[in-house]
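J.: I'd like to ask some things about the structure below.
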Amino acid sequence: MTVVRESVLAVQGLRKTFGAVTAVDGISFEVRGGEIFTIIGPNGAGKTTTLEMIEGLQQPDAGEITILGMKWDRSRNAIKMRIGVQPQTSALFDLLTVEENLETFASFYDRKRQVEEILDYINLADHRGKRVKVLSGGQKQRLAIGLAMINDPDLIFLDEPTTGLDPQARRNIWDIVLKLRSLGKTTILTTHYMEEADKLSDRVCIVDQGRIVALDTPKALIGQLTREREIHLTFTEGDIPAAEAESIALGNPAVTRVKREGDHLIVWSIKPEETLYGLFGFTTERSIQVEQVSIREMSLEDVFIAYTGKEWRD
Amino acid sequence: MMRVNQWNQFKKLFGAHLKMMFRDKSVWFWSIFYPVLLLSVFIMIFGSSSDSFSAKLALVEPDKNAVSQQLLHSLQEIDVFEFQSENPVKREDAEQSLKDLEVDAIVILPESEGDGYIKLLLNKEKQNSSTSQAIASILNNLVLQGNMAGVKAEPGLSLQTDYISAGSEKLEYTDFLLTGLIALSIAQAGMFGMIDLVEMRRNGLLKRLIMTPASMGLFGLGGIVVRFILSGIQIVLLSLIGVLAFGAHLNINIGAFLIIFLVGTLSFAGIGFMIAAFSKSMESYFGMANLFSFIMMFISGIFFDVNALPEYIKPLAHFLPLTYFADGIRDGMVYGLGIMNDAFWLNVGMLLLWGVTTVLIGAKFYKWKEAR
């Protein structure tokens, strides 16, 4: 069988209002087979409403949703058979064991994976007999992802799978998500962590005030943001050499902005190599000692701030 | 294409409900241990002193005549009545005895054959006691019977039944309390048991299930079957303890009992569902369920008869579903009454009315997802 990179999910002109509030205001995108597609946005941007409409929990006021070539109003059950959802809240049978949860969910579907296989996959084989309520947060999240995989779905929704987890538990989840991609599954992910979006996503969709403000690969988003880089320099001999370096930097045509705080100089440049070459030429000539040099890379966080004008909060 | 096996799905969902119910320690405590504790405590406190109903009377016969003699004999045949003395006493002495609470009541026989009045004097302070009520009711039946005899009519079947159930059948408190507590524990299990709906909404499980192709009908059915199992356990356990440890008498009419059991279990689950629909949190659910349960516990004839309540509360007792459920359970378990009587249909009807109304209200207001 050949893998066709067809459209797994197509969303066209999605709109939803609650009273006077427009939660989703014309969102359109397409998700291709086998990719990890991440939706990020500030609280109240319309992420959850968008997801819930795609998952068939809410009826859109306008717009079309096509999942695996099917529509909710005509093929509700057929769509449910082929998607897997890990919701934000734990949503598990708390008094049932890990294995019993998986078996119960398995009974809902026509196509299913072996419980054994899932247990290995989410690394909970040793805890299969434990009741959910004694599991740690990370274990619960892994089980929730396991339940989303039990029907061997073609499209998986992971809604903030790592929120509230410690770094190790978060990395465990990342491994599972990347394994899903290696199986050729399509994943739609939301997250509060920019690092996560950057590491996992094939494409990132930034939503603000019910609209898509940017959609591309993380690399392209950062690349198209600006060429400007932030250079930090600290001088051993204090304020005077720093002030002299400041005036040199200001004379460089590639430099857009300079800021000095005592012996600490910050230079924004669209050609950081050229600017640094000029600055180090000056310091070498004058035998000025530079204690620290660094160039800050742009991240998705900067992309987020640039597009939404809002500070990112984890 | 493989089909989803509906039977297998039902088994899994039923199993999930069963485990959710019986792995929950609070279910064991509130639905099983607590009713047993109540039964034992109440029978130990009240059971022995009022094993069977009896009352002490003083007889006053102002003037011997045929009617008074006949009534005197009839009264002396009723074995729940004790008399201060074999022969009638003087009215003044009798009144003094009543004031001193040496007797429960005074019966003054008709002065002459044409008098037509039989007087019952009761202690004013105790006029609402169940003893006073029972004496009045027995005398009333006696008079009715006497009147029937007077007009040479055959006593009707209903009169006979009334007379027996009010007078000579052993109306033991143990039986009364046992059946009341069975009704109460099923009612409470229903009203408190719907907390799952609040919890499953809070943790998003309900929403999660809606996102699967699982049949919500089968899910609900699984829950209902498990409720019946719990109710069944409560009945068997309480009855066994009541009969074996406290000597309760059961006379069960299976048909009537099963119908009232089914309807009652469902109705109280319906009330629980309505409470769940109006509860945003577990705390508010328990608050409301406790309020309902507390009110019903004391005025629906669980621990003492509804007739012993003050007049102004009685209308409320006749409105609450537990009154009818307790009545129905008693009729079906102790009196062995079948389905061919008005009381049965009144009980079933009122429970159905409560069940249907609360389910409709619940369905209108229950939201399967948490409000944002």
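Backbone N, Cα and C atoms are what each Cβ position is placed from, and that goes for glycine too.
Keep in mind that TrEMBL annotations are predicted by a computer and have not been checked by a curator.
TrEMBL lists B:129-369 with the feature domain 'ABC transmembrane type-2'. The feature transmembrane segment is assigned by TrEMBL to B:27-47, B:176-198, B:218-248, B:254-278, B:285-304, B:343-366.
For the listed features, I'd like the structural context: burial, neighbours, distances.
T.: With a threshold of 8 Å between CB atoms, the same-chain residues lying at least 6 positions outside the transmembrane segment (B:176-198) that come near it are 20-21, 27, 30-31, 34-35, 38-39, 42-43, 46-47, 206, 223, 227, 230-231, 234-235, 238-239, 242, 246, 248, 261, 264-265, 267-273, 275-276, 279, 281-282, 285-286, 289, 292-293, 296-297, 301-303, 305, 321-322, 325-326, 328-330, 333-334, 366.
Long-range Cβ contacts of the transmembrane segment (B:254-278) within its own chain (Cβ-Cβ under 8 Å, at least 6 residues beyond either end) map to 183, 186-195, 197-198, 224, 227-228, 231, 235, 284-285, 288-289, 292, 321, 325, 328-329, 331-333, 337-339, 344, 347-348, 351-352, 354-356, 358-359, 361-367.
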J.: Under 8 Å between C-beta atoms and at least six residues away from its ends: which parts of the chain pack against the transmembrane segment (B:27-47)?
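T.: Contacts with the transmembrane segment (B:27-47): 21, 173-174, 177-178, 181-182, 184-185, 188-189, 192-193, 230, 233-234, 237-238, 241-242, 245-246, 303.
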